[in-house]
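Enquirer: Please read through the structure below; I'll follow up with questions.
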Amino acid sequence: MKYRVYILVLLAFVPLMLLRDVTPNNELRYLSIADEAIRNGMLFAFTNHGLPYADKPPLYFWLLMAGKALFGRHCVWFLSLFSLVPAFVTAFTMGRWTAGESGERLARTGELLLLTCGLFAGMAVFLRMDMLMCMFITLSVRTFYDLVDGRGNVRLKRVLFSLYLFLALFSKGPLGLLLPLAGTVTFLCVTRRGRTLWRYWGFTTWAVLAVLLAAWFLAAYLEGGSSYLHNLLFHQTVDRAVDSFHHKEPFYYYLLAYWYSFAPWSLLLAYVIVDGLRRKAALSDMQKLLLSMVCASLVVLSAVSSKIQVYLLPVFPFAVFLASSMLGGVRRGRLLTLSLAIPAVAFALGLPFAAWGAVHGMPYMDNVWAVLAGAALSVGGVFAVFRLRAGRTVTDVVRPLGVGMLAGVFFMGFSFPSINRLLGFGELCGEARRAAVRQHTERYFTFGIGRSENMDVYLGMSVTPVDEAGLDTLTGTLGVLMVDTTAAGKLPPAIRRLGMRTVGRYGVVVIK
């Protein structure tokens, strides 16, 4: 069944999409920015609690705003589709592309590998714009290959190529343009097609990009003024690239991040690609383009000062499908067996680990759903071990591991009602709102809680963070104080005597 892997992934993620709370660091902030844009009637110049927010382009915020307009509130399951659907489109595009050379079986294997790669799978439900950019980059590179190969309507493909590039840039920023540019130029040079560069990166491409970018920048200027435009064009691009004020890491950062970002397939993918290159296997143009995208992207990402794991996301489809397209000629040896045995054994130990965690009350593990998730991993791991011992193909070993992982995600999703209080602010704000209604107040304060200003998404009104000095001024003020319990010892005695209702790792104090 051609779409089986997509059905399995969708089923695995449904409980997670329906039951989880959003995380405070980025997801809740994006929702708060979208709410503020709706209140202010802004579409191009965004603010976060009155401060200009030019970090990200508008496209993803428009989707969040559309979801709010459609449902009247932010529905996590619906907003998750803006990551899950692009993940499916990315996998499907790569599968259809590579199937012609590697065959349907290996293309299906590539789809399963991609959709169960740790970081890629996680970002498929996380509320961020990275998966959108990844999808448009993938579509642009696929269209570029069609242009090189002379497939389809050339004029239409050139326009689509330009449009995909702009949408990638309009989703996340300059990397949406830089990565395809670096990868495709590298491919043309490697295949001795450098003189044809203007065919693909010529007048049509740059004209479409110039018109669309000019329209965006003009709209941003009209809404936000020259300071916002300067922030958008220079502070959030040049400054981050040269001397980052966020996420500054050494140039070799991604060489280390690869191993846990691509888990559980890190060893397998690395071995298959390196083995193919060591054997000096004759690479097709498609494989050369995939390899060029991987290498050029890593160079560009490593050269940029700001680095976090999620920036690797556009590399995933090209790295995974390069490896899957090489599986047909891979040598069966000790290292290949080891690259499969390590994740298989790790999965097989899932149930004992989950049981141990439940007995000892580990965070997120002290519930029956975590034990069932561990059991699913163990079943997949045991099946994979038996198939590995029987000398089955890589695909036959990968399948039970992938299915076991998806089953584990499915069961773990049901545990979120009990662990949301440890992850997000939803339950905390619900308790605070009920306390405020009882006291007939609309004043909310927080102490020791990061990103608490974005609680306005839940409360429908502003929240005032206070420091230690500000705590003394709250005495005698009618309101609700939310506090991180680790900082509760710093509360003045007058506030501590009021009592605290605990919600996960937070507490709610009614100030009178």
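One is the number of the first residue shown, and numbering goes on along the chain from there.
Glycine is treated like the rest: Cβ placed from N, Cα and C.
Pulled these features from TrEMBL for this protein:
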- 71-92: transmembrane segment (TRANSMEM)
- 112-141: transmembrane segment (TRANSMEM)
- 161-188: transmembrane segment (TRANSMEM)
- 200-222: transmembrane segment (TRANSMEM)
- 251-274: transmembrane segment (TRANSMEM)
- 286-304: transmembrane segment (TRANSMEM)
- 310-328: transmembrane segment (TRANSMEM)
- 335-356: transmembrane segment (TRANSMEM)
- 368-388: transmembrane segment (TRANSMEM)
- 400-419: transmembrane segment (TRANSMEM)
Enquirer: Could you check if the transmembrane segment (335-356) is in contact with the transmembrane segment (161-188), meaning 3+ Cβ pairs under 8 Å among residue pairs at least 6 apart in sequence?
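Expert: Contact between the transmembrane segment (335-356) and the transmembrane segment (161-188): absent.
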Enquirer: The transmembrane segment (112-141) and the transmembrane segment (251-274): do they have three or more Cβ pairs under 8 Å, with pairs 6 or more apart in sequence?
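Expert: In contact, yes.
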Enquirer: Are the transmembrane segment (310-328) and the transmembrane segment (286-304) close enough to be called in contact, which here means at least 3 C-beta pairs under 8 A that are separated by 6 or more residues?
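Expert: Yes, the stretches contact each other.
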Enquirer: So what's near the transmembrane segment (71-92) in sequence-distant terms, Cβ-Cβ under 8 Å and 6+ beyond its ends?
Expert: 5-6, 9-10, 13, 16-18, 20-22, 31, 34, 60, 63-64, 110-111, 114-115, 120, 123-128, 131-132, 134-135, 138-139, 317, 457
Enquirer: Which sequence positions outside the transmembrane segment (200-222), separated from its termini by at least 6 residues, show Cβ-Cβ distances below 8 Å to it?
Expert: 43-45, 54, 57-58, 144, 147-148, 158-159, 161-163, 165-166, 169-170, 177, 181, 184-185, 188, 228-229, 232-233
Enquirer: Against the transmembrane segment (400-419), which of these stretches has the most C-beta pairs under 8 Å: 112-141, 286-304, 368-388?
Expert: 368-388
Enquirer: Which residues of the chain, 6 or more past the ends of the transmembrane segment (368-388), have a CB below 8 A from one of its CBs?
Expert: 337, 340-341, 343-355, 357-358, 396-398, 400-405, 407-415
